[in-house]
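Report on one structure; see the data block that follows.
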Amino acid sequence: MKRKRNASLKEFTFHNFVSHVFAFTATNPTKSHGYLLLKAEAAAAADGQPVFTGEVEIEKPKILGVEVTTLKKILPLGLMFFCILFNYTILRDTKDVLVVTAKGSSAEIIPFLKTWVNLPMAIGFMLLYTKLANVLSKKALFYTVILPFIAFFGAFGFFLYPLSNYIHPEAFADKLLNVLGPRFLGPLAIMRIWSFCLFYITTVDEAKRFYPLFGLGANVALIFSGRTVKYFSNLRKNLGPGVDGWAISLKGMMSIVVLMGFAICFLYWWVNTYVPLPTRSKKKKEKPKMGTMESIKFLVSSRYIRDLATLVVAYGISINLVEVTWKSKLKAQFPSPNEYSSFMGDFSTATGIATFTMMLLSQYIFDKYGWGVAAKITPTVLLLTGVGFFSLILFGGPLAPGLASIGMTPLLAAVYVGAMQNIFSKSAKYSLFDPCKEMAYIPLDEETKVKGKAAIDVVCNPLGKSGGALIQQFMILTFGSLANSTPYLGGILLVIVLAWLGAAKSLDTQFTALRQEEELEKEMERAAVKIPVVAENATGNGSLASGSALNPTTDDSTSNSSETSAPQNI
C-alpha cells in the first residue's frame, strides 16, 4: 500500500513538474532552455529514474494539417515558380513573333539562330555565371543575374523596338541577299534584325530547368499567360488606323514581365529574410566528369544506355523538324504580328490544359499499361500528327475541295494539325516521356546509372537540340528554302520516329527483365532464402555444400514429420 502511495506521489510530482515547465517556457522563452534541462534532470534523479537530457518537444502550429514554417517556405517558392513560368511563356511566344514575322525574315531563321547565335551565347553565359558564382554570395549572384534581364526586357519594349527601324541595317542586308541569293535569307536575317535576335537569345534557357518542379500548378501559369498574350494581341482591334498595334501590345506584355521579375526578387528576399532555411553541408557529391570521347565510348558499349540515348536524341531532332516547318506555315496564315501572337496565346493555353490533363492521366497509364506503353505514346503521337501535317502540306491540292466543304484551306488545316502535334507531343513529353526516361535509370547498378546520365548529358542532349537545326540548315542551303525541303524533312522525320519506336521496344524488354530480377531479389530477401554456396571439394570440382538451405534434410519422412509439427522457413 505504501509503495502504491509512493508511486502515485511520484506520478503527481512528475505531472506537476511538466506543467510548471510548460508554464515557465511560455512566459520566459529566453530562459526556458537551461531551466528545462536542469529541472528535468533534477526531477528524474530525485525520482530514481534515469536522467534524460532531451528537450520536451512542443507541437508546432499548423494550418490545414501543414506546419506554418513549411507553408512559409512552400507558398513563396510556389509563387516564384508561377511567376517564372508565366514570364517564360510570354517571352517564348513573343520571341517567335519577333523573329518570324519581322520584315525580311521567316521561320528559316530559327535553326541558324539556335546553332550560330544561341549556342555560343549560352556557352559564354555559362562561363560568366561560373566565374560570378566563385566570387559572389548566393544572394548577390541571384540579383546579379536576374536584374539585367528585367532591365533588358523593359528597355526592349519601350526603347529598342520603337527604334528598330533606325538601328537595323536593312538596306545592307538587302544588298547581300541580292548577291548571295534567297537560300541565305535565314543567316542574313540574323544581322538584319539583330535586336530581335538578342531578345530571342535571352529567353531560351531561363525557366526550362524548372519544368520538372512545376508539376500541375505550373501549367496553371501556362494557361494564364496564354490568356494574357491573347488579350494584349487583340488590342489592335480597338486602335485607330496608323497606330502600331504590336508596339502597344509589346509594351503591355513587357511591363508585366518586369513586374513579375520584381515580384520574383521580392519573394526571394522575403524567403531569405524571414524563413529559417536549413543549412546544408558544403560537401557535394562528386559526379564523374566524362569527356565527349569517353561518353561516346560508354554509350556504344552498353545496349541499354544506347537505346536510352536514342530516345533522347530522337525526341530533340523530331520535335525541332516539325516545329520550325509548322511556324513557317503559321506565318503564311497569320502574317500580322498581332494575329500571330494571338494564335500563340491560344496555343500556350491549350498546351497548359493538355499537359495538366495528361499529368492526371499519366499515373493511370503507368499503373494500367506499364512502362513500355507509356514510353511509346510520345513517338506514336509525333508519328501520327507528323504524317497528317506533312500530308496536308505535300498533298494540299487534292485535299482542297474536301477541306473547303468544312470551311478550311489546306494551309489553315496544316496550321491546326501542326498545333495539335506540338500541343500533344509536348504534353506527352512532360507527363510521360520525362518520367519514363528517369524511371529507366532505376534498375541499373550505381556505376552504370551515374555514367549513363553523364554520357547522355554530354552527348545526347546537345545532339538532340542541335541535330534538327543542323539538318534543316543543310536542307535550306541545298534546296534553296524550307518549303522546298519539306518532302525530305518528312522522310527524315519518319525514319527518326521509327528508330525511336524500335529503341523504346528494345528498352522495354531490357527494362522489364531488370525489374523482374530486382523483384526476384526482393522476394528472396523477404522469404529469407539462402543461396547455396558452391565449394571446391578435394578433387577441385565444384559441389554444393552439404546441408544447404535448398536441401535442409536428406530424409523425406523427417521433413514431412517436421512440417506437420512446426512451420519451416522457406
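Each Cβ is built from the backbone N, Cα and C atoms, and glycine gets one as well.
Whatever TrEMBL says is automated annotation, not expert-curated.
The compositional bias 'Polar residues' annotation in TrEMBL covers 539-552.
Per TrEMBL, the feature compositional bias 'Low complexity' maps to 553-570.
Sequence annotations record features per position, and here TrEMBL assigns region 'Disordered' to 539-570.
For 74-91 (among others), the entry in TrEMBL reads transmembrane segment.
Listed by sequence, the residues of this chain that lie at least six past the ends of the transmembrane segment (111-129) yet keep a Cβ under 8 A from its Cβ atoms are 99, 145, 186-187, 189-190, 197, 200-201, 204-205, 320, 324, 465-466, 468-470, 472-473, 476. Annotation comment: TrEMBL describes 111-129 (among others) as transmembrane segment.
Away from its own ends, the transmembrane segment (141-164) comes close to residues 91, 129, 132-133, 193, 195-196, 199, 202, 206, 247, 250-251, 253-255, 257-258, 261-262, 264-265, 268 of its chain (Cβ-Cβ under 8 Å, at least six residues beyond either end). If you look up TrEMBL, you'll see 141-164 (among others) marked as transmembrane segment.
Annotated transmembrane segment per TrEMBL: 184-201 (among others), in sequence order. Remote same-chain residues near the transmembrane segment (184-201) are listed as 91, 94-95, 98-99, 102, 104-106, 108-113, 116-118, 121, 153, 156, 160-161, 164, 167-170, 172-173, 176-177, 473, 476-477, 481 (criterion: CB distance under 8 Å, separation of at least six residues from the stretch ends).
Residues annotated as transmembrane segment in TrEMBL: 213-233 (among others).
What TrEMBL records for 253-275 (among others) is transmembrane segment. A Cβ distance under 8 Å defines the sequence-distant neighbours of the transmembrane segment (253-275), meaning residues of its chain 6+ beyond its ends; these are 69, 72-73, 76-77, 79-80, 83-84, 86-87, 90-91, 94, 139, 142-143, 146-147, 149-150, 153-154, 156-158, 228-229, 232.
With a threshold of 8 Å between CB atoms, the same-chain residues lying at least 6 positions outside the transmembrane segment (304-322) that come near it are 111, 298, 375, 378-379, 382, 385-386, 389, 418, 421-422, 425-426, 429, 433, 437, 440-441, 444, 448, 452, 455-456, 459-461, 463-465, 467-469, 471-472, 489, 492-493, 496-497, 499-500, 503-504, 506-507, 510. The feature transmembrane segment is assigned by TrEMBL to 304-322 (among others).
Taken from TrEMBL, the feature transmembrane segment applies to 342-361 (among others).
Among the features that TrEMBL reports, transmembrane segment is placed at 373-393 (among others).
Sequence annotations record features per position, and here TrEMBL assigns transmembrane segment to 399-419 (among others).
For the transmembrane segment (474-501), same-chain residues at least 6 beyond its ends with a Cβ under 8 Å from one of its own Cβ atoms are 106-108, 111, 181-186, 310-311, 314-315, 317-318, 321-322, 324-325, 328, 376, 379-380, 382-383, 386-387, 390, 393-394. Annotation source TrEMBL lists transmembrane segment at 474-501 (among others).
Sequence-distant contacts of the transmembrane segment (373-393) (same chain, at least 6 residues past either end, Cβ-Cβ under 8 Å): 311, 314-315, 318-319, 322, 325-326, 329, 362, 365-366, 399, 410, 413-414, 417-418, 420-421, 424-425, 428-429, 432-433, 435-436, 486-487, 489-490, 493-494, 497-498, 500-501, 504-505, 507-508.
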